[in-house]
Amino acid sequence: MSGNQYTEEVMEGVNWLKKHAENEAFSFVFKCDNVQLNGKDVRWNNYTKPIQNEELTSLIRGAQTAMDQTEEEEMDWESEVDSLAKKQVQTFDALIKKCLFEVFVSKNIEPNECVWFIQHEWGKDQGWHCHVLLHSKNLQQATGKWLRRQMNMYWSRWLVTLCSVNLTPTEKIKLREIAEDSEWVTILTYRHKQTKKDYVKMVHFGNMIAYYFLTKKKIVHMTKESGYFLSTDSGWKFNFMKYQDRHTVSTLYTEQMKPETVETTVTTAQETKRGRIQTKKEVSIKCTLRDLVSKRVTSPEDWMMLQPDSYIEMMAQPGGENLLKNTLEICTLTLARTKTAFELILEKADNTKLTNFDLANSRTCQIFRMHGWNWIKVCHAIACVLNRQGGKRNTVLFHGPASTGKSIIAQAIAQAVGNVGCYNAANVNFPFNDCTNKNLIWIEEAGNFGQQVNQFKAICSGQTIRIDQKGKGSKQIEPTPVIMTTNENITIVRIGCEERPEHTQPIRDRMLNIKLVCKLPGDFGLVDKEEWPLICAWLVKHGYQSTMANYTHHWGKVPEWDENWAEPKIQEGIISPGCKDLETQAASNPQSQDHVLTPLTPDVVDLALEPWSTPDTPIAETANQQSNQLGVTHKDVQASPTWSEIEADLRAIFTSEQLEEDFRDDLD
C-alpha cells in the first residue's frame with residue numbers, strides 16, 4: 001500500500017513519532033486506589049467535586065471533546081462505559097496535566113520545551129490507571145525520583161480537593177498521607193544486580209508509543225476487558241484519532257523503523273556472566289595506562305616529564321607509591337609483549353630526515369668503516385637480533401680494547417629502545433632483577449660469568465626462564481634481545497680457579513660477534529639519539545628487512561662467531577663535488593647500480609700532463625677513502641677502466657695543450 005492512500009492525520013502521527021523516536025523519556029503511572037476512612041468508602045470515581053478553577057475547567061472540557069469525538073467516529077461498536085466513569089477520566093486527565101504544568105513551573109521549564117503523551121487505561125486487576133511519558137532536554141535522568149515525589153504531592157493535593165465524599169479535615173489529611181505513602185504516582189525503574197538499588201529507567205519516546213500504547217484496544221466493557229479510554233499528547237496528534245488509525249500509525253512506524261539487516265549474535269557463557277561495575281578510579285587508571293603506552297613511558301622519570309598531571313593524581317591517592325609502581329609495570333609489560341626492540345626504534349624515525357640521511361657517514365657506520373667492514377651487513381645483522389629474528393643467536397656482543405666505540409653504539413641502541421633492563425653485576429644473588437618485562441637487556445662491561453653461566457646462556461639464547469627477584473617470588477623473563485659490551489674474553493668461563501672449556505662453544509653460538517679494535521679519536525663524540533632510528537628506517541626502505549630469511553637472501557648465510565664482516569665488500573668510488581646526482585642515485589639503491597667511476601678534476605689534470613707509472617692499475621683501487629658508498633659488491637660491478645685506457649681516450653679527443661688549458665681554467 002503506497003503512502004498516498006493514508007490520511008494526512010495518519011502520516012502526521014507517523015512523522016511525529018519518528019521525530020521523537022530516540023528521545024529518552026520518563027515513564028510515570030498515576031493511579032487512584034479505593035480506600036476506606038472511618039467507615040467511609042472513597043472509590044476511584046469519587047473525585048468529581050465541582051471547583052471554581054477556569055484553567056481546570058478548560059482542561060476538562062478539552063478531554064470531554066476528545067473522548068466524544070472519537071466515540072462518534074467509531075460506528076462498529078457502542079461503548080457501555082457509564083457516564084460517571086467517563087466524567088472521572090476527563091477530570092483525571094485535567095488533574096494530571098495540571099500536575100505536569102506545576103512541575104514545569106517549579107523547574108523553570110517552559111511547557112512548549114517538553115514533549116508528553118498521556119493515555120488513560122483500564123485493567124481487569126489494576127482498575128483505572130494513567131500512563132504519562134515526559135521528555136525534555138532540561139530534565140536529566142538523575143531528577144526522575146525528584147519529579148515523582150513532586151507529582152505525587154501535587155496529585156494527592158488535587159485528589160483531596162476534588163473528593164466528592166464528605167470528609168472531615170482529619171480524614172482529608174489521612175487520605176493525602178495514604179496517597180503519598182502508597183506512591184499513587186510511580187516511575188519506571190530497574191534494580192541493579194550488584195548494588196540492589198532501584199534506578200530510574202528511561203524509555204524511547206516514539207518507540208514506546210508506537211509499540212505499546214497505540215496497539216491497545218478501545219475500552220468497551222469495563223468489567224469484561226481491558227483497554228484505553230483516552231489519549232492526549234503535546235503535539236495534538238492522537239487526541240482525536242480513532243482506533244483503526246492508531247493501529248495504522250503503529251504498523252507504518254514499525255515498518256519504516258525496521259532495520260535493513262538483522263544481525264544474529266551468539267552470546268557465549270562468558271558474556272552471560274554477571275557484569276561488574278567499573279569505579280571511577282578504575283576508569284581513570286585505564287585511561288592513564290592507554291596514554292602511557294601510547295607515549296612509550298617506561299620509567300618514573302619519563303612519566304613525570306610526559307604525564308605530570310596523572311603522576312601527581314596517583315601519587316596523591318592512598319597507597320600512591322604502590323599504585324604508580326604497578327601501573328608502570330603494566331605499561332612495560334604491554335610494550336614487552338606487543339612490540340620488539342626493532343619496532344620501538346623504528347617508531348622514532350623522522351621520515352623528513354630520511355631522504356637526506358647518509359648511512360655511510362653516520363657515526364656508527366664510520367666505526368665499522370674504520371675496520372674495513374660492510375657496514376650495511378653489520379647493521380642488518382644487528383637489526384635482525386633486535387627484532388628477535390636471530391634464532392639462538394640472540395645477543396649482540398661488542399668486544400675489544402677500550403675507546404673503540406663499543407659502549408657508545410650500545411648506549412645509542414638502548415636509548416632508542418627505551419624499555420631497557422640493565423644487568424647488575426654487583427648484585428651477586430639477583431643480577432637480573434631489573435630485566436623482567438623489557439624489550440632489551442643491556443649488559444655493560446661483562447666479565448667472567450662464573451657460576452651464573454647457565455643462566456646467562458639461557459637469556460642470551462632467547463629462552464623463557466624464571467629468575468629470582470629480591471623480596472619477591474620468581475618471575476618469568478620472556479625471549480628478550482641482549483646487547484653486551486666487554487673488554488674481556490667472555491667465552492672463557494672460570495669457576496673458582498678452574499676453567500670450564502665446555503661452555504666456550506655454546507657461548508659463541510649465542511653471540512653476534514662484533515670485535516672493535518680501532519681506537520677512536522678524542523673528538524669523535526657520541527652517537528646521536530636520532531641515528532639508530534634512521535638506520536633502521538634506511539634498512540627497511542632499501543629492502544633490508546629485519547628477518548633472518550631476508551638476511552640470508554642478501555648475504556648468503558646466517559652470521560657465525562667468526563663472521564667476516566668485510567665480505568662482500570662495498571665498492572667505493574671517487575665522486576666529484578659536481579656529481580651529486582650520481583651520489584644520490586647510488587645511495588638510494590645500493591644493489592642495483594652499475595657505474596663506471598669518474599676521477600676528480602685534479603687527478604685528471606695530472607693524468608693529462610704527466611705519464612702514468614702504473615698504466616694497468618684500475619681506478620677503483622686508487623679511489624678516495626672518504627667517498628660515499630655505492631652499495632654494490634665486486635661481483636656486481638663492471639670492470640673499471642685502467643689509467644692507460646683513460647689516457648688513450650682523452651688524447652684521442654683533446655690535444656695536450658687544450659687539455660692543460662681547460663683544466664687550468666677550471667682550477668683557477
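Here the Cβ of each residue, glycine as well, is placed from N, Cα and C on the backbone.
Quick caveat, the model's predicted, so the values are computed rather than measured.
According to Swiss-Prot, the feature active site, for nuclease activity maps to TYR212. Sequence-distant contacts of TYR212 (active site, for nuclease activity), defined by Cβ-Cβ distance under 8 angstroms and a gap of at least six in the same chain, do not exist.
Annotation comment: Swiss-Prot describes GLU121, HIS129, HIS131 as divalent metal cation binding site, evidence class sequence analysis. Non-local neighbourhood of HIS129 (divalent metal cation binding site): VAL29, PHE30, LYS31, HIS120, GLU121, TRP122, GLY123, each in the same chain, at least six residues away, with C-beta under 8 Å from its C-beta.
The ATP binding site annotation in Swiss-Prot covers GLY400, PRO401, ALA402, SER403, THR404, GLY405, LYS406, SER407, and the record cites sequence analysis as its basis. Classification of GLY405 (ATP binding site) by DSSP places it in coil, neither helical nor stranded. On its own chain, GLY405 (ATP binding site) has ILE367, PHE398, LEU516, LEU520, PHE524 as residues at least 6 apart in sequence with a Cβ closer than 8 Å to its own Cβ.
For 21-260, the entry in Swiss-Prot reads domain 'PV NS1-Nuc'.
Sequence annotations record features per position, and here Swiss-Prot assigns domain 'SF3 helicase' to 367-529.
Here the region 'DNA-binding' (1-277) has a mean pLDDT of 87 out of 100. Positions annotated as region 'DNA-binding' by Swiss-Prot, on the basis of similarity to another entry: 1-277.
Look at Swiss-Prot and you will find 193-197 tagged as region 'Ori-binding', backed by similarity to another entry.
The motif 'RCR-3' feature in Swiss-Prot is assigned to 212-216; the stated evidence is sequence analysis.
Comparing SER407 (ATP binding site) with HIS131 (divalent metal cation binding site), their Cα atoms are 80 Å apart once rounded.
In this structure, GLY400 (ATP binding site) belongs to neither helix nor strand by DSSP; it is coil. Same-chain residues at least 6 positions away in sequence with a Cβ under 8 Å from that of HIS131 (divalent metal cation binding site) are, in sequence order, SER27, PHE28, VAL29, PHE117, ILE118, GLN119, GLU121, PHE213. Outside the motif 'RCR-3' (212-216) by six or more residues, the chain places 117, 119, 121, 131, 227-228, 231, 238, 246-247, 249-250 with a CB less than 8 A from a CB of the stretch.
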